[in-house]
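**Student:** Before I ask anything, let me first share the structure, which is written out below as C-alpha cells.
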Amino acid sequence: MNYFSSNFKLGILGGGQLGKMLLNDTRKFDIYTCVLDASNEAPCKIASNEFHLGDLMDYDAVYNFGKQVDVLTFEIENVNVDALEALEKEGVKVYPASQTLRTIQNKARQKLFYRDNNLPTSPFTRFAYTSEVKEAIEHGSLTIPFVWKSAQFGYDGQGVKIVKSVSDLEGLPNVECIAEELVPFKNELAVIVARTPSGESKNFPVVEMEFHPEANQVEYVICPARIPEDVAQKAIDVALKTSEAFNHVGLLAVEMFQTQNDEILINEVAPRPHNSGHQSIEASYTSQFEQHLRAILNLPLGRTDSKVGGVMVNLVGSEGYSGNVVYENISNIMGLDGVTPHIYGKKQTRPFRKMGHVTIVDQDINMARKIAEEVKSTIKVISE
Ligand code: ADP
C-alpha cells in the first residue's frame, strides 16, 4: 500500500490535542487525513485534510465516517465500539481493534482481562451500583481504605475517588464501579509500546509520572524514570506482555505502580498516544505520534531511545478562571534552556482543563525537572 502523497485515507476519531500532534506527522509524511469530532473548535480542525462534524458515541456518525477511509484509528477511548466492529467486518482496518477498545472502555472488564491473562494488577471487586459498595462495607466484605472507580467514562482522574471513610462515598454517581485495593506506591510509571499488525514491537523508555495531588492528573512526566535498572526492566517486561496479550496494533500506554517492594502492578492502559509520551517529540529519535502511524500502517518501527533527558509539564487551566483563554509569560519561559511550549488551540479554559504542555530537554534529568518547576510557576493559563 502506498500511503505517501496518494489516495490513501487515514481516519481519526477525535479531534483533540492528541490528534493535532498526530497530524504533525501525517503532514510530515503527506498522508491524507479525515478527522471526526463533535466540536467545530476542535484542535485538529486546522491541520486535517477533511474535518467532519459528528458525535463519536453515535453509531451512524462513526459508521458513515469509517466507510470513507482505508484505515481508522482513534485518539480518544469514548467512541462507538459497535460501529467499529461493523466496519471491521466490512473490511475497514480499525487499529487498535474494536475488541481491545471494548475491554478497555470498562474498567471492571479491563481488570478482569489482566487477571485472566496473568498480568499483575491490584485486587478489586466489581459492583453493579455504587450503593452496593456501601452495603459491602456494612457487611464487612469490603474494608476501608480502597479506591472507587467508575467502570465507564472516567478520564484524567474524573471517576476516581480514594475512599478513606464511608462519607467519601457521598455524592458519587450510582453507577457500575470497582473497589480496588489502595496501593501505597513509590512511583507511578508508564511504558508506551508500539506493535504492528505483523507483530513487531518496540517500547519507549520507562517514564515517571508525578500527579497533581488534588486533580488526580499528571503534572510532570520524567524520561527516563529515576529508578533502578532492574525495576525499569520489570516494568518494560510487563508492558510488552500486556501489548502481546491484547494482540495490540498501534500504541499502548501502560500505566503502572512501583510498589514499596519494587513490584510492578498495572493500573490501566490507554490504546493511543498518551500524555506520558509527549516529551518524545523533542527528546526521542522517534516521537510517539510518528511511531503510532508507523505501527498502524505496518511500516518499520522507529528508534525509541532518547537523544536527551526530557521532562514534560502539563499546562492546565488555573483554578478560578473560566472563559476565553489567555496565556501569560510564555515568552519568558522560552528564554530558559531547552524549553519548548505546545499550545493545543482550545479557545476556552476551565480549571484543570489540559490546554497545552511544555517540554524541557537537558542532558541532566534532574536539571530538566528543576527547570520544569520554574516553567510551571511562571506560565499562567487564565481567562480574559
Ligand atoms: P483515570 O482513568 O481517570 O486516569 P486512574 O485509574 O489512572 O484514572 O487513577 C487516577 C490516579 O488515581 C492514578 O494515577 C493514581 O494516582 C490514583 N490511583 C488510582 N488507582 C489507585 C490505587 N489502586 N491505589 C492508589 N492510587 C491509585
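Just so it is clear, glycine is given a Cβ too, placed from its N, Cα and C backbone atoms.
All annotation found in TrEMBL is predicted automatically rather than curated by experts.
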**Student:** Select one of K89, K93, K107, K307: the residue that TrEMBL places in the ATP site alongside K149, E180, E181, L182, V183, E188, N267, E268.
**Tutor:** K107
**Student:** For E188 (ATP binding site), write down the residues of its own chain that are at least 6 apart in sequence and whose Cβ falls under 8 Å from its Cβ; none is a fine answer.
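**Tutor:** Non-local contacts for E188 (ATP binding site): E208, M209, E210, F211, E255, M256, F257, Q258, N267.
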**Student:** Greatest CA-CA distance (Å) over the residues K107, K149, E180, E181, L182, V183, E188, N267, E268 that the record ties to ATP?
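**Tutor:** Between the most distant Cα atoms of the ATP site, 18 Å.
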**Student:** How would DSSP class E180 (ATP binding site) in three states?
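**Tutor:** Strand, per DSSP.
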**Student:** Kindly state the mean pLDDT of the domain 'ATP-grasp' (111-297) in the predicted structure.
**Tutor:** 96
**Student:** Please identify, from the binding-site residues E180, E268, the residue with the sparsest Cβ neighbourhood, meaning fewest other Cβ atoms within 10 angstroms.
**Tutor:** E268
**Student:** List every residue in the same chain as K107 (ATP binding site), at least 6 positions away in sequence, whose Cβ is under 8 Å from its Cβ.
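**Tutor:** In sequence order, K149, S150, A151, Q152, G154, I178, E268 meet the Cβ cut-off.
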